[in-house]
Amino acid sequence: MKPDAQRVKQFLLSLQDDICQQLAAVDGADFVEDSWQRDAGGGGRSRVLRNGGVFEQAGVNFSHVHGDAMPASATAHRPELAGRSFEAMGVSLVVHPLNPYIPTSHANVRFFIAEKPGAEPVWWFGGGFDLTPYYAFEEDAIHWHRTARDLCQPYGEDVYPRYKKWCDDYFFLKHRDEQRGIGGLFFDDLNTPDFDSCFRFMQAVGKGYTDAFLPIVERRKAMVWGERERHFQLYRRGRYVEFNLVWDRGTLFGLQTGGRTESILMSMPPLVRWEYDWQPEEGSPEAALSEFIKVRDWV
């Protein structure tokens, strides 16, 4: 069936509402909404919760942009898209908790369609979610990956292992030779077997994010932390910034398409520190993280 961009847009708007409601219920603070328009076509609504009881910053962004020609970042690996008009829409979010024992989480679901008269539309879905812990809790990693595996199961036995591997490969800091976190799911260019099946899978991933993340938040939010844990959290947040500014395709796409810079960089942690050649104390919980984030089968 023909791709229905309007149906996707309605789902994405309701997903943003749903995720914001669930995060606000856990935190107690409210999101502030900022609606924006893009001069070249489209717009979005950015929602940010700041300095809450649980989340130092949570940003949940919906955007829908369209234009007459594709940006260089998109046509580089898809030359057949040159000369087509395009629509790109998605929900993207990053949650930076205050408590260092709660991991940072990221999720994104998106839809893209490029058209030109007299030709079949080129379309695909993409998305996923991934987790960036500061302290190693095996049960959290297992729960996160079990949720990911279970939502993939109806779509085939090979779906979870394939998208887990893609996530591990994508969220990798080449210049540090380390993973960004413990991964999750990542998929892109999804357009088979048909529009409806792909759309259903994207919906499952979008809805699965809170099922994966919120039980971990509940488990960790009352844990007592101090200056040492905070110092380590801010240091490790530096890796998050490095990945987003150096390697992330979505950031590059947004900036190249004249997206709204404030919304694109909403994923940045509010506070972060770099320290020259810092090393954790041997045998410490901080030292355990480097082993913990290495790629492995969690379920």
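Quick reminder: no glycine exception, Cβ is built from N, Cα and C everywhere.
Note that the structure is predicted; figures quoted are calculated from it, not measured.
Copied from Swiss-Prot, the annotated features are:
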type	residues	note
BINDING	Ser92, Asn108, Val109, Arg110, Gly258, Gly259, Arg260	substrate binding site
BINDING	His96, His106, His145, His175	divalent metal cation binding site
ACT_SITE	His106	active site, proton donor
SITE	His175	site 'Important for dimerization'
REGION	240-275	region 'Important for dimerization'
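Where Swiss-Prot records a feature, it is marked here on the structure.
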{"residue": "Ser92", "record": "substrate binding site", "DSSP class": "strand"}
{"residue": "His106", "record": "divalent metal cation binding site", "DSSP class": "strand"}
{"residue": "His145", "record": "divalent metal cation binding site", "DSSP class": "helix"}
{"residue": "His175", "record": "divalent metal cation binding site", "DSSP class": "coil"}
{"residue": "Gly258", "record": "substrate binding site", "DSSP class": "coil"}
Ask   = If you average pLDDT over the region 'Important for dimerization' (240-275), what do you get?
value = 90
Note = Its Cβ having more other Cβ atoms within 10 Å than any other among the binding-site residues His106, His175, the winner is His106
Ask   = Can you give the largest Cα to Cα distance in Å, as a whole number, for the residues Ser92, Asn108, Val109, Arg110, Gly258, Gly259, Arg260 that bind substrate in the record?
value = 20
Query = Can you name the binding-site residues among Ser92, Gly258, Gly259, Arg260 whose CA is within 10 A of the CA of His106 (divalent metal cation binding site)?
reply = Ser92
Message = As a test of the contact definition, list every same-chain residue at least 6 positions from Arg110 (substrate binding site) whose Cβ is closer than 8 Å to its Cβ.
response = Ala88, Met89, Gly90, Val91, Ser92, Phe125, Gly126, Gly127
Ask   = Do you know offhand how many angstrom separate Gly259 (substrate binding site) and His96 (divalent metal cation binding site) by C-alpha?
value = 22
Key: Chain-internal residues near Gly258 (substrate binding site), provided their CB is under 8 angstroms and they sit 6+ positions away   = Arg38, Asp39, Ala40
Task = Would you kindly give the Cα-Cα distance separating Asn108 (substrate binding site) and His96 (divalent metal cation binding site), rounded to the nearest Å?
result = 15
Ask   = Including all protein chains shown, what's the count of other C-beta atoms within 10 A of the C-beta of Val109 (substrate binding site)?
value = 27
Ask   = Cβ distance under 8 Å to His145 (divalent metal cation binding site), same chain, sequence separation 6 or more: which residues?
value = Lys164, Ile182, Gly183, Gly184, Trp298, Val299
